[in-house]
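Have a look at the structure that comes next, please.
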Amino acid sequence: MRKTLKPLCSISASKSNNNTPPNGTNHFFFFKLPIPQSNSSQFQISRCYSDPFYSNFPLSQVPKSKRSNLYLNFTSKPKRVFSTLNIPPPEWVNPFVDLSDLVTDPKDLKISPWVPQILNLLDNSHSMEQNLDAYCCKFLIKLSPSFVAYVLKSADLAGKPDIAFRFFYWAGKQKGYAHNVECYVFLIQILSASRELDRIKHVFSEFKLKGSGLLMNVGSVNSLIRSFGELGMVEELLFVWRRMKESGIEPSLYTYNFLMNGLVNSMFIESAERVFEVMESGKVNPDIVTYNTMIKGYCRSGKLQKAMEKFRDMEVRKVEADKITYMTLMQACYGEEDFDASLGLYHEMEEKDLDIPPHAYTLVIGGLCKIGKVLEGFTVFENMVKKGFKPNLSIYTSLIDSYMKLGNLDEAMRLFDRMKNEGFEPDEVTFGVIVNGLCKSGRLDEAMQWLEYCQNNNVAINAMFYSSLIDGLGKAGRVDEARELFEEMAEKGCTRDSYCYNALIDALAKNGKIDESLVLFKRMEDEGCDQTVYTYTILISGLFKEHQNEEALKLWHMMIDKGITPNAASFRALSTGLCLSGKVARACKILDELAPMGVILETAFEDMINVLCKAGRIKQACKLADGIVDRGREIPGKVRTILINALRKTGNADMAVKLMHSKIGIGYDRQGSIKRRVKFRVLVES
């Protein structure tokens, strides 16, 4: 009669806080099997069955898959039963349940119950590593490289670089363990998402030391190149590219695109160009992503013309541009202030029936408003509304600003009311635009009311807001009020920029307070505010008006010494003062000194002649015109017109008619095919 055997013990895996194994793990039961006695000793066989169902079956009837190793223990004492006390070696666990004896679709693989147990232990506590050690020791398991890679790839560790980093290095300390390439790839992905550059370099230096011991594949190459490309880590990116080539792995379209994106992000535009050329002449042809990446590179490096050429090349190559292509180019055109080109791209998107994002409307309307085409901008605005898009605050502000600059305050305020009715709350920029328009139109009291409204409603007031008011009050002669606002800025904690300083300096200078302007100029320097070419222009003009010519010249030379490049307005202020004080030759000398500096002011002579003519100094104007011809330059026809008008206004109508009939347009008198130089001064004096 066969006896029923009772299990002695079982070994299985469970959570660290209880002794029950996770669902799906194998249960191993140990049974005592009585063996016939021998003459020399009594021995006992302890056999382990993986299923208690077979506990009453003879060994021959138990399937091999349900058996375990047979342990024999010998003893000199008769009639005693012994079982082994040796702990079996830890088992390597994989991320999926082993169904190797079944025909199973890889997609249907079941996740091992060990996975959630290990994830539960990854809590970033101080004892996380000790908890992992205790758990694996208790249930006699070790985590395989594929298991570690699976855990690192899981969504549970996304955005948790600290935990991933600690788990990675804990797993690497297991006896007989070595990370595979996927472990490195998935950890670098997690670290790159958080831009943990130092840790990435540390991990990758270990990766490089492994050398050929890590088997690369297309997926790992693509992932690493993408991660390094997004972070601008070109050295690491190129190392992976070389390893790929050495491993005989053919790059895919994704590989090329990730490589180009990395090069472009790091501003290696020429290298990206060479990769693009290799693709065009090789097996892998560029797609829309490749073209967009190359166009992005050109736009970022300021090569808008090349970007447009690449864009037109897409049509030849039968690659259809998408909204990303158009938006990249539109943004670049806007940045280069080529607003007409931006508008043309917008119309192309409309013709191709592409999905136009709201930002495209912002660029187009903003660009049109900047060049004064407010009606066209408003047409695009209405078209946007008809298509169901809701304008944003930036679009409303651009349109309001344009109407204000055109002096159409009523239409601007109607748009302002419409904006508020649609639920938009104006910000400091919008209020600043309204105040600036009111100040430019001389409606200063209304502008001051808006200032009071903003202060009472906790609307932040920026420097541009104040500078508009200071400028408007200064131009209206209300200098004391302008000064009060200027001092209020410091009390309110608003940083005074060069616009604010220039506005008050200009107000003081134009109201005959040049000394106060110079004091403010010195204060500007002490406070570390940039003194611009406009600052010097205001003071030079003011000093000449107060007949402080030498002081004006000192400021001019100070500006040059500080490396501030003069512009047409600054030289006009200087030349006007010098010409009116009879120092035309000195003005011409200073103009000649500007040429080696690369400053070419095309209208400088024209401006000086115009100043002299307005002052009634016709002979000096003609002498200056002759000096231009003597320098080998041709006089524009506009100068002739200026001289004729000046003569007419001073009552010298006969001379004006004489000059008009002389057929002199550019300082020369033509007689047939002969061009003879004629001096203006001789013509006038005769």
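Think of each number as a place in line: the chain as shown, counted from 1.
Each Cβ is built from the backbone N, Cα and C atoms, and glycine gets one as well.
So TrEMBL lists these for the protein:
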REPEAT    217-251  repeat 'PPR'
REPEAT    252-286  repeat 'PPR'
REPEAT    287-321  repeat 'PPR'
REPEAT    322-356  repeat 'PPR'
REPEAT    357-391  repeat 'PPR'
REPEAT    392-426  repeat 'PPR'
REPEAT    427-461  repeat 'PPR'
REPEAT    462-496  repeat 'PPR'
REPEAT    497-531  repeat 'PPR'
REPEAT    532-566  repeat 'PPR'
Residues of the same chain, at least six outside the repeat 'PPR' (427-461), with any C-beta under 8 angstroms of its C-beta?
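Cβ under 8 Å, 6 or more out: 393, 396-397, 400-401, 403-405, 407, 409, 412-413, 416, 419, 468-469, 471-473, 476, 478, 492, 494.
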Looking only at residues six or more beyond either end of the repeat 'PPR' (357-391), which have a C-beta under 8 A from one in the stretch?
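Result: 323, 326-327, 330-331, 333-334, 337, 339, 342-343, 346, 349, 398-399, 401-403, 405-406, 422.
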Looking only at the repeat 'PPR' (497-531), what are its DSSP counts of helix, strand and coil residues?
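Helix/strand/coil tally for the repeat 'PPR' (497-531): 26 helix, 0 strand, 9 coil.
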State the non-local partners of the repeat 'PPR' (287-321) in its own chain: residues 6+ outside its ends, Cβ under 8 Å from one of its Cβ atoms.
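Same-chain contacts beyond the ends: 253, 256-257, 260-261, 263-264, 267, 269, 272-273, 276, 279, 328-329, 331-333, 336, 338, 341, 352.
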So what pLDDT does the repeat 'PPR' (252-286) average out to?
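The average pLDDT of the model in the repeat 'PPR' (252-286) works out to 89.
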